[in-house]
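Colleague: I'd like to ask you about the structure that follows.
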Amino acid sequence: MAREFSLEKTRNIGIMAHIDAGKTTTTERILFYTGRIHKIGETHEGASQMDWMEQEQERGITITSAATTAQWKGYRVNIIDTPGHVDFTVEVERSLRVLDGAVAVLDAQSGVEPQTETVWRQATTYGVPRIVFVNKMDKTGADFLYSVGTLRDRLEANAHAIQLPIGAEDNFEGIIDLVENVAYYYEDDLGTRSEAREIPAEYKDKAEELRASLIEAVAELDEELMMKYLEGEEITVDELKAAIRKGTCNVEFYPVLCGSAFKNKGVQLVLDAVLDYLPAPTDVPAIKGTLPDSDEEVTRESSDDAPFSALAFKVMTDPYVGKLTFFRVYSGTLDSGSYVRNSTKGKRERVGRILQMHANSREEISTVYAGDIAAAVGLKDTTTGDTLCDEKNLVILESMEFPEPVIHVAIEPKSKADQDKMSTALAKLAEEDPTFRAHTDPETGQTIIGGMGELHLDIIVDRMKREFKVEANVGAPQVAYRETFRASAQVEGKFVRQSGGRGQFGHVWIEFSPNEEGKGFEFENAIVGGVVPREYIPAVQAGLEDALQNGVVAGYPVIDIKAKLFDGSYHDVDSNEMAFKIAASMALKNAASKCNPVILEPISKVEVVIPEEYMGDIMGDITSRRGRVEGMEGRGNAQVVRAMVPLSEMFGYATALRSNTQGRGTFTMVFDHYEEVPKSIADEIIKKNQGE
């Protein structure tokens, strides 16, 4: 099977947004116009093409990022639909990792919202070029230029309108293209026929002003254009497009478009912009990786002739074909039925069949080429973030980093007979989702599951019931507290046991000190003259790492500290690794009294949107939850309150907010950072943990 679309004519894009900005509807319309769907599915009716897990259709939100392929004007566009709900941030991270560009969808009434900020930051981390689609222009309170302003103010993004809406709310009739200087009016409800006309007189001045500022902004990124612009020469449409493309691909410029996916306006222009401004796999820098046995860096060019390399970015269990592994090919080609190397795990894998996905239908293909996104059937050991490569040319592509869970609950099957079934279900779900963890508490024997928020765990429990037919009871949520040191001290740890024959002897002096936030545990060996022999150093480090997991104050893992091993002693006969391991853990225990240990709790960034009359109640409620209000602003006819609130105080907030605002308030929350717990609360936590 020969290559159908050249690499230059391939686009791998994601569609990212805040919950409810209309992302799934936008994707639907793209599939409709590119000829993959014959009838448009509405999210409100629960019949959307991309939302194919039962729960997604019920809740009207997108949880798993389905990858789908479409064609537009002779190009292949691979689309990854990413969830906008904050509990599924990992899905967004893993899809951004394999994209070349993205369309950020905003709600024309709200502009940039908290989850938009989170997703935007993730996209910046991975250097993903973006175009912005301001959707829902038909909605009451829609304001295009306000939305463009929020991109600049809240995200400090160099964003500029390349379109201007004609009318808004109910009078939204068409779109002015500022690049080509023409107005498009829609002639039918499906938006397939539009007519290009002259820009209406009442919009001429505004369009000219915006076009001038667009040209100026783009010229700043391109010296040749700058010279032409300063000399007052006319800049052609092609030159302008090329400059916007260059700025966008370099992640220095963000073109902003407008429309209403629900009313079928503006989506084809978004597709055109994807082809015009977002990069092909050949436009992005070649992917870097390392050799498995050394840390030597190698690159893989985006070409069919290079050795095969791919990254697995999603694992799913499919009722018909079993385990599906979604992967992005960075270089080379792969035939179904062939063998590849999973270099991350050092295992050989056989690719049974290769499927190209279209939301929930699939087409079997025999070969995938560089730049393609597809799903493989038959991989046994591959999980999210693993590299697959040619057996003779090994490489490990950079993997993804997944956040630790911030909330834990105990779970047990409703009937004891289901215990094994539940264990299997949890193992499968953890394989699909790296931010979900399941383990057995060694002390209580309970099964504990952890995730990114209440909704995340609700959906896991729900999926167990539907997909694995296991009903479970869930305990009260537990917060993932941490501990750290606020002071430095030098401490001794000595373990001596003499009982006839061979004894045990380990002796260390360690200096503990606070580390920067987020840096984790750092161990330094500063032994001189072999007072602790080199072969025991790893045992000291391992002993500390084990002991850190059990905490020093209330049994929570200790984070962000440095430990410097600087002195100690040993015994020729009695010293062994075990003794030094125990000595190190004793040193950590002794540090508890000297290093001023504190308990840390996860703090969430919360944004509440409410009608003005509930403002007082909500502010009072946030303060009673130990929250700090960071800012307030009007948005349309609602008020937005932004606050930092401890996660432990936010359980059940959805219910409280509903009753406080008669169901008219909404909120979103994102884990932000760890902060010290006030003394009174720390005492309660310690008492509770000792009482157990």
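Using the three backbone atoms N, Cα and C, a Cβ is placed for every residue, glycine included.
Per Swiss-Prot, the features are:
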- 17-24, 81-85, 135-138: GTP binding site (BINDING)
- 8-282: domain 'tr-type G' (DOMAIN)
Colleague: So for Met137 (GTP binding site), how many other CB atoms are inside 10 Å of its CB?
Modeller: 27
Colleague: Test of understanding: give the count of other CB atoms lying within 10 angstroms of the CB of Ala17 (GTP binding site).
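Modeller: Excluding its own Cβ, Ala17 (GTP binding site) sees 28 Cβ atoms within 10 Å.
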Colleague: Sort Ala17 (GTP binding site) into helix, strand or coil using the DSSP assignment.
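Modeller: In the DSSP reduction, Ala17 (GTP binding site) maps to strand.
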